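Pulled from TrEMBL:
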- B:33-222: domain 'Heme-copper oxidase subunit III family profile' (DOMAIN)
- B:34-57: transmembrane segment (TRANSMEM)
- B:78-98: transmembrane segment (TRANSMEM)
- B:104-123: transmembrane segment (TRANSMEM)
- B:158-182: transmembrane segment (TRANSMEM)
- B:202-221: transmembrane segment (TRANSMEM)
Amino acid sequence: MADTLTTHGNGHAAHHGDYLDDPKGLASWLTTVDHKRIGLMYMWSVFFFFLVGGIFALLVRIELLTPKQTIMTAEMYNRVFTLHGAIMVFLVIIPAIPAALGNFALPLLLGAKDVAFPKLNLASLYVYWTGALMAVTTLALGGVDTGWTFYTPYSSTTGGGVTLMVLAAFVLGFSSIFTGVNFIATIHKLRAPGMGWFEMPLFCWGMYSTALIQILATPVLAITLLLLCMERVLSIGIFDPQLGGDPVLFQHFFWFYSHPAVYIMILPAFAVISEVIPTFSKKTIFGYKAIAFSSVAIALLGFLVWAHHMFTAGMSLFAGAIFSFITFFIAIPSAIKVFNWIATMWRGSISLEAPMLHAISFLLIFTIGGLTGLFLAALSTDVHLHDTYFVVSHFHYVMAGSNLIAFLAGIHYWWPKMFGRMYNKRLAAIGAALVFLGFNATFLPQFVLGSRGMPRRYYNYLPEFQSLHVASTIGSWILASGLFLIGAYLLASLRQPKSMVANPWGGRTLEWETDSPPTTHNFEGQPVLQHGPYDYRANPAPVGVEEHIH
Amino acid sequence: MSTATHTTSADHGHSPFLQHHFRDMDQQFNTAKIGMWLFLVTEILMFGGLFIGYGIMHASHPQAFLAAHHHLDRTMGAINTIVLLFSSFTMVMAIWAAQTSRKGLVILFLVITLLCAATFMGVKYSEYSHKFHEGLLPGKYYTHEGDTVPGQFLFFSFYFMMTGLHGIHVLLGMVVISWLIFRAVRGDFGPDYYGPLDVTGLYWHLVDLIWIYLFPLMYLIS
Ligand code: HEM
Ligand SMILES: [Cu+2]
């Protein structure tokens, strides 16, 4: 009996439609409450905005090719980098892994039929689209030139579409909160029978801690942005010093959200990497509990360090020293994870498939990004490095490099599960290499630029900085070509017939127990967990699947 | 090796309100409760931001806040506090009535709750229009004359932000309660199924609670 259960993989596809085709038609997608379809729609949206944000990035880099004007005016430049930042942060990096991959994979990994609140899930997608539409509309209103952080008092007085952009971020915050609420409830209540908290795949712990931050931090951003709108529309006087307000209050509020939010961007990356590394090392993850708890520790510690973004904003030396001190602690849980991943790979039988290639580039890039955080966390060096390209490079390493490369790892990992097709593995290896090289070529020079004093967000610069800027711009083209290549072979794979086996990578988590692509209801019955997620012993127990309930 | 385990849930197929991804009604009910609690946490944090902002501005402009709060009508505020507290009570009673299969009482208590909410909004309306009339408005729209302490508009900036956001929550609550009344009339609720009443109740208590903090903070400064 056990055999028929574990091989049930593709066998049933004939009489149960897979979720991609059953039911058919655009309307069925737009009204679906299936988490897998919602995940895919998020994924396509994120790809789209990644393209838009990426084009803005290339424009910024081209402008910086020469010390003086290259292709656009200074006003244009301000708008382009603001849109680049706002789109990438609010529309791409924050939703990429949780909303796209998380929605697709989380219920499958838990052995659940869906997330806890399927309708809320669909609502969050529509809220996302609404926010995205508002953000893009600001282009028609003359754009936004404040930078993605919307610092007051400039943001409360400058023209253009700032009010609409800020409202867009407010709306997008709700989408993020909905997803967070949904994931926490799902993890608490919908785990398969037999799956204790410590039998959950680590991806779920990552989503759980991300969701914690989403619900604890996003409301603070929401209210801050609302106050900023009121400031602009009614001059309520909260941030405007001329009316008795306090502009630094905005920074406190903003970073009380946005520092934890940087972990909204990195914890999901950890989550993906924790799945990919054991699968392609064929080894039980090293230090399961350390990885699980360090995610939660990061989520909570993240709330104590916001003011390290404001060392130079007129804080008292004492407060600065305290915040600097606590900031150093944040590095510890991340270091624990890196150690555990490397220990997992140690003496594993590693196969260098595309997801694993991205995971390895993640390890290198994240280490650089994390370590440079320490330079910024130290009060004395930050005074020199603050608002220079060093900071730009630091956060690109951790946000773009780590988050997006982990996203790519996850996409390549679950692609066969999502679509039942495999991409061209040769091209995938080339793509991973191009992204890694291009990324480092773009951002390593920026560390040097920053440490030599090149300020961020400047339109023109001194001629001696030019060679490094040129290197960085060329790097951006290599990066872009890698990403285009990846997009191309992924799309090309969709033209093949669906022929994927249930478990192409030999993974041990529940999503590999069902068809590729899964049926509409995920599993034939209710799976009951009989072994842990990283059980790579020679003869592990198979997962039992209950017979049809619904 | 493993064996497949059959669990035929007792509730399965019995309640038309069981959604397909839950195993039984209990699981569905508890999940909804967790969801609502999490949502309430976000609400508290959102209002928390406003409370902190209010506290900071109050600390830096104490005289202006003290002077400005005299323009608020304590009696109106007190009436609204009592009305909301009472509506929280009737909300609880509606849940109790559902648990004990008293359909008529469910409807009655929900209607009373809705009427209380409407009363609250009515009182707010008359307070607001009075303020509008006197030019006691936020920010640059503040035109009140004869103030002795400058900067009183800051108080009203917060007054309108906080009571306004709270008012929106009351309105939302009214929409949801009306929908509950509709479902109660249809006969959806009983001892086996009262989840929507329960989670709406949680929400309604929070709206009540926030007002209980707003009232002394704004109306009773000393
Ligand atoms: C792990 C993921 C991390 C992410 C996603 C991240 C993200 C960011 C971002 C977005 C900024 C710049 C914000 C801006 O001004 O536009 C930033 C700055 C900063 N980061 Fe990180 N960071 C991470 C890790 C760390 C670590 C581990 C530390 C310290 C141990 C750190 C310390 C800092 C400091 C002090 C700044 C402020 C620099 C300044 O503006 O002067 N970061 N980070
Ligand atoms: Cu930070």
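Yeah, the Cβs are placed from backbone N, Cα and C, and that goes for glycine too.
TrEMBL entries are annotated by machine, without manual review.
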Q. In the same chain, who gets a Cβ under 8 Å from the transmembrane segment (B:104-123) while lying at least 6 residues past its ends?
A. 76, 79-80, 83-84, 86-87, 90-91, 93-94, 97-98, 167, 170-171, 173-174, 177-178, 180-181, 184-185, 189, 197, 204
Q) List, by number or range, the same-chain residues at least 6 past the transmembrane segment (B:158-182) whose CB is under 8 A from its CB atoms? A) 43, 46-47, 50, 53-54, 57, 72, 94, 107, 110-111, 113-114, 117-118, 120-121, 124, 137-138, 196-197, 200, 203-204, 207, 210-211, 214, 218
**Q.** Chain residues outside the transmembrane segment (B:78-98) and at least six past its termini with a C-beta under 8 angstroms from it
**A.** 105-106, 108-110, 112-113, 116-117, 119-120, 123-124, 180, 184, 189-191, 194, 197-198, 200-201, 204-205, 207-208, 211-212, 215, 219
**Q.** Confidence summary for the domain 'Heme-copper oxidase subunit III family profile' (B:33-222), mean pLDDT rounded
**A.** 94
